[in-house]
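Features of the protein shown, as given by TrEMBL:
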- 18-27: compositional bias 'Basic and acidic residues' (COMPBIAS)
- 1-57: region 'Disordered' (REGION)
- 66-84: transmembrane segment (TRANSMEM)
- 90-112: transmembrane segment (TRANSMEM)
- 124-149: transmembrane segment (TRANSMEM)
- 198-227: transmembrane segment (TRANSMEM)
- 256-285: transmembrane segment (TRANSMEM)
- 291-321: transmembrane segment (TRANSMEM)
- 359-392: transmembrane segment (TRANSMEM)
Amino acid sequence: MTTEPGGPEDEQPGGPQDPRDTPDTRDTVAMVEQHEEEAVEGDSHVGLVGGPEHLGTPGPPLDRRAPFYLGFFGGLGALTAWWLGTTILAIGSTLLLIVVSLFLAAGLHPAVLFLERHGLRRGWAVLTVIVAALGALTLFVVAIVPVIADQVRAITDNAPGWFDQLQRNERVRALNEDYQILDRARDYVSNGDFLSGLFGGVLGFGLALLGAVFNAFIVLVLTLYFLASMETTKGALYRLAPASRRDRVSRLGDRILASVGGYVSGAFIVALVSGVSSLVFLFVIGLGEYAVALATVVALLGVIPMIGATLGAVVVTAIGFATDVRTGIACIIFYVVYQQVENYLIYPRVMSRSVDLPGAVIVIAALVGAALLGVVGALLAIPTAAGILMLLREVYVRRQDVS
């Protein structure tokens, strides 16, 4: 049997080779075959649900110093900041209610801890504090608010007579002739709707009152909810920290919460003491007709840091001078003495375990808070500053001491 020349039988190990069989040719053929296999494999996946499609070799990652990279992500960050700012402005009033509720819940939390230390389980302690808070609020609305309304009406009715008495003073009469201060004040106060004028008429006053009642209800509900879920919320927040630092974070968080809660509850205790002291004093000097209303004003203003107690004393002293000069002098003496007792005896005892702030920090925090959020900002600024200062001391200053 004959075979064709050049067949497999004629190939010898040392015989001549195909001139196309070179290393470069073999590499080229291998690359072509590999690409064909990849193409066939890719084509076999096309049409399958979720199958990858061959789109080529990925390029190198973007250079973070490239102008496109910086411009794109810089613009994205600016848009995100703008969106967050507009969102916060849009829901600012709601956020303020939430923050106030959190601070009030922190202020009630020490009472819960006190009951727990005396043997009550946490659930019963929270329920007891909630019932006591609701009972006190109900008592205030039912028993005290009507009395305050009657006494405010009495002050309004008697105000023209007080202005007449002031006009008998020669110096006051001379000032009134030049600037008509008393005449304008008499017309403003004696006008029955002077309060509604502050809010744009009767309709505006009604809407403002309705909004205040609604906001108070929301704050009450949120405060009770935050108080009941305080431990659960703290545990969830602490679990966000790494396990290696969770214990320190929880200790620091508990200290900040205790500081804020101690300040809020202490501020209300100091205000309550000032209100009760003013109530007793006003009954003693013969201003019982306005005692409850004026004492409530003193207590409410007493919550405002730095100037609240002074404003309350000015209001009561003005009413005292309007009724009788000796009564006004007695008011001045009482509030000067009481202010010293509060500053050096009551306030240090109540606030000793809550806020440890330098005087300059308290003043700056109150001014900044008042500029941002008014009276509410001034109330919340001091405990916020205390928490921030504690963070700086425990984290930054301690790290600097070790380094």
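Even glycines carry a Cβ here, placed using N, Cα and C.
Note that TrEMBL annotation is computational and uncurated.
The stretch with the most CB contacts under 8 Å to the transmembrane segment (291-321), chosen from 66-84, 124-149, 359-392, is 359-392. Three or more CB pairs closer than 8 A are found between the transmembrane segment (256-285) and the transmembrane segment (359-392), so contact between the two stretches is assigned (pairs 6 or more residues apart).
Panel annotation: around the transmembrane segment (124-149), residues 108, 111-113, 115-116, 220, 224, 227-228, 292-293, 296 of the same chain, lying at least six beyond its termini, place a Cβ under 8 Å from a Cβ of the stretch.
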